[in-house]
Amino acid sequence: KPSITDSYKSTKIGLSLFLSLSLSLKVHRSQSQNLSQISLTTTNTIKKSNLSKQRKMEGEIPNFIMVWILAVASLSYCHTIGKLTSPGLTRLLAILPVIFFFFFLPLNLTTIFLGGPSSFFLAWLANFKLLLFAYGKGPLSTTPPISISHFIPLACLPIKFRKVENKIKSGSSTSAPKGQKSPFNYAIKALIFATSLHVFHNKQYIHPKIILFLYSIYMYTGLELVLALVASLAQAFLGVDFEPQFDEPYLATSLQDFWGRRWNIMVSRILHPTVYDPVRSISSRVIGNRWAPLPAVIATFFVSAVMHELIFYYIGRTKPTWELTCFFLLHGVCLAVEIMLKQTFDGKWRLPAALSGPLAMTFVVVTGLWLFLPSLLVRCEADVMAYREYVAFTEFMENVSNFVKPNSLLIKRSW
């Protein structure tokens, strides 16, 4: 027969086993509750993040509409001022509040897809064209004055009016406007740009230098596609031609060819009368006509650097780190040296295009990867912003489509 001590021991062992099992169950329950709370918190965080993105996109669209309503009203005022005042200081003082206002308007936009182009169109293109208009120069000053329906888009968009030329009575067809490329050209660039999403998702597996190089290609193709889209819409609704923005810059044979004839041609044409010509006119009185282009080139690149710093501030809302300024000043100095060498040799000796082209493009790419792109990707996080806005826009459009479908069904049933 078992003794009292044995029964006590067995009871004690049973109680200890029961307590250990109950403790393990409690620990398991607490862990499962913690995991469920963590997963619930993560889900709520993702939902809140997606909701905030959708709200940001929903709030950005009314801001975008309001910004451009104010821009159109301001340009209408400028058109009226052009009729009431003569070119000079009086017109400049009347237009100056609009110029300051256009520097303020892009601060109301925070997305890269809406805020980036708007800041370029208003703070740069429109303001510089208005400065020329104040003194009776530039595309806005014509004889007779252009109508307000053409004045407004011409002031802030990268477009130009179609020149009406007398056709030969023999019926020869007119050539396509300069700078207007084939749809196949834009289709290829759109396909190249479409690969940016795949690269963004796998950038942790790609070398950072290769990422920067690929992003430089995406920046070029994206800019050309966006500006071409705006110009094509203007062409469709207003009957105006493309203002050529890019002329295959990778085919440039020198820095002068790259910056003056192939890269962002609209900016080059705006900076030339607003900065280059005045500085060259002043410099010619001091150092003569032969060397006057050198300080004019450096001054033009300095103004371009300041405007790029401003546009990047609109995009990222971060303080400038001045790499962009160093990039443009470096290119301005190198371009001035190139012009000086060409004038010294007077065209008697030049590198062949097969050699000078790759050298120029190598210099542009290396300095761009060193100074330009880090400001865009590290300082502004443009790739992260673009991806977030892409996700928010797709979700916003899905919500719109889900809202429209039931309403369309209700309308059909009512009929």
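Placement of Cβ uses the backbone N, Cα and C atoms for every residue, glycine included.
So that you can see what the record holds, here are the features copied from TrEMBL:
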- 243-329: domain 'Wax synthase' (DOMAIN)
- 61-82: transmembrane segment (TRANSMEM)
- 88-105: transmembrane segment (TRANSMEM)
- 212-238: transmembrane segment (TRANSMEM)
- 294-315: transmembrane segment (TRANSMEM)
- 322-341: transmembrane segment (TRANSMEM)
- 353-378: transmembrane segment (TRANSMEM)
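When each of the listed stretches 61-82, 212-238, 322-341 is scored by C-beta pairs under 8 angstroms to the transmembrane segment (353-378), 322-341 comes out highest.
Taking the domain 'Wax synthase' (243-329) as a whole, pLDDT averages 92 in the prediction.
Here the domain 'Wax synthase' (243-329) is broken down by DSSP into helix, strand and coil counts: 65 helix, 0 strand, 22 coil.
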